[in-house]
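Written out below as structure tokens is the structure these notes cover.
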Amino acid sequence: MTGFLQNTFNGLVSGAFYALLALGLAVIFGMLRVVNFAHGAFYMLGAFGAYVLLAEAGVPFWAALVIMPVGLGLLGMALERAFIHRLTRLDPLYNFLLTFGLTLILQDLVKLRYGVQSSPYATPAELSGSVDLGLFDFPTYRVFILVFAVAVCVAAWWLLGHTRVGMVVRAATERPELTRAFGIDVGRWITPVFGFGIALAALAGVLAAPMRAVNPLMGADLIIVVFAVVVIGGLGSIFGSVAAGFGIGLIQAWGEAYLSDWPILSQTIVFIVMAVVLLWRPAGLFGREEAPA
Amino acid sequence: MRRTVGVAVVSTAALLVTGCGGGGPQSSGDGKLSGDRIVLGVLNDQSGVYLELSGKNSVKAVELAIADFKKKYGDDAVTTDITVETADHQNKPDIANTKAAEMYDRKAVDLILDVPTSSAAEKVADVAKEKKKLYFNIGAATTTLTGAKCNRYTFHYAYDTYMLANGTGRNTTEQGAKNWYVLYPNYQFGQDMERSFSAAITGAGGKVVAKDAAPFPNTSGDYSTYLLKAPTLNPKPDVLGTMQAGAELVNVVKQYNEFKLREKGVGLAVGLMFLTDIHSLTPDALAGTTYTDAWYWNFDQRNREFADRFKEATGTRPTFAHAANYSAATQYLEAVQAAGTDDADTIVDALEGKTVDDVFLRNGKIRAEDHRVVHDAYLAQVKPAAEVTEEWDYVKILKTIPAAEAFRAPSPDCRM
């Protein structure tokens, strides 16, 4: 039982990263109809930025947790204005290629300066112990990630449900044409929403730095699963992406724990789940099939 | 729309992971092989995970060897026209295959060096055999190079999975860590390592309490399931033997520390580790970890002198792969100098059975039977942070494993 609970907790911690990344992807897709391939690269930049801030300027984890999301969010907004924005009227393929290219450029720039070897990043001292959860001890840092990520998801949920921006985002995500027809200026929210999505990726990156290998390819490895998560949750569905994020984290952790005799299965379980979900609900668990235009 | 986008997303994402890594540098050669000219080819990873441990600095090491050779022989050198060709194989067997053929045929390369990644290394062995051109493998660990894939033109230089398993598995067990929990990545290298380690541990009177194959690549980056399991096994393992490499090793070690397994009485032994791994993880994270090293830069004065020169050229200390590339290039040039020709068959005859002692090869011998280059190896342990007084000087050598013990006997699979 203790083992099961431990695995469940760890699954939720992995899931927290998926949820944060998937949430960002979902709002970006919702507003822009752009599948942001550069999302993993921004996650990587978040982690790498935290490392550079600490190693070269002595900036601690807590400050990085604010600086990186804000900084990269602004960079994201600039990139949206400069490039993505110009391509949104064209075939979505153009933005696939743009963001894919952006990923390669960002990865290579980091590689050029810092190499591919992982960079060291220690857990902040105040979070390096462990917490007694009754049945078992759990690393403080993992508890922190879980609480923090859930708080961010809840905050995002509240923002979307209770503010005007949130209303526009939800409306534009669900029914873009109809929203415009009501005379709501969707356009002015596009850039800030893109920035917000990027900031979430950067935040996940900073959170990952103390417990994951910080290197230029860390985003590329993770993003595949995150794309699967978004597809399972329903592309553009905000709730779906968060729920699927935590769900996939759990399934992976349980898979590793209880299917360890079939390692190949724990490796592919995400994609098996995705295939099953798509067969059953082609638009994903919480997605809605769009009427043909 | 969403469905098509979904499918496109996942398929493009797959491309993103498999298709990364730019092309390597290419330089042109005039394609004419002449006895007056020696061309050494360094074929390795110059953009991916093995960039630091071999990569461009292996090229530097080979250049150092050429400079030393020229200095030693001056006007008596068989030729002063010695150049290096390099290419990036991106750790992909098909690219390694094409680049190797191109090096031999169009760039007039006499000898290919390095080639990390076992699957790529095997392909190059095939090309060397077919073209009857020399190949010294340094970067790859698979024992197939001196087994099923062995051939007259391929030599295996620095290390292999047997050496790692025998060194770390046997010696650590003999030093008292009887019970092991082995964690390995689920692909060829990891499976080979697990088999070799289990055999070495059992052979030394130890026991593999449990073994688990972790997904590879482990996209979640999480190893907590395995790490939490370790202290609960019965009997409790004395040591966790991890066969992960590169970023995956970093994840395992970070989380090993997070769950405080050392405090819970489970030590850490690493299957394959390079100096650059310790540097990136910091010695603090690895203090007390044992592993087998093929060479260590601060082992003695002779190594240190080389390491100082290497640092001058590259800004960093050499890994064993760098030192082995230097040694391999040197031994080849010496053989050509002695024979007065770069004819591959003549050089093979000259190298077979030769005993060598240089900065990398201690008690070295180029075995004629399977072209395994045997030499002393070392059981190393990462120092606690308090004992690290100089950057890059991260380990103490617990034991020298004599050449005769370090490597396996010639395999019956090898038919030259």
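Yeah, the Cβs are placed from backbone N, Cα and C, and that goes for glycine too.
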Stretch carrying transmembrane segment according to TrEMBL (options A:41-60, A:61-80): A:61-80
Proximity of the transmembrane segment (A:141-160) to the transmembrane segment (A:12-30), 3+ C-beta pairs under 8 angstroms: yes
Query: What stretch of A:12-30, A:61-80, A:92-110, A:262-280 shows the most Cβ pairs under 8 Å to the transmembrane segment (A:222-250)?
result: A:12-30
Query: Between the stretches A:12-30, A:92-110, A:189-210, which one has more Cβ pairs under 8 Å with the transmembrane segment (A:61-80) than any other?
result: A:189-210
- line: Residues outside the transmembrane segment (A:262-280) whose C-beta sits under 8 Å from one of its C-beta atoms, at least 6 past its ends, are 225, 228-229, 231-232, 248, 251-252, 255-256
- request: Using a Cβ cut-off of under 8 Å, list the residues of the same chain at least 6 residues beyond the transmembrane segment (A:189-210) that approach it.
  value: 16-17, 20-21, 23-25, 27-28, 30-32, 36, 39-40, 42-51, 61, 64-65, 68-77, 80-81, 84-85, 121-124, 127, 141, 145, 148-149, 152, 156, 165, 168-169, 172, 218-219
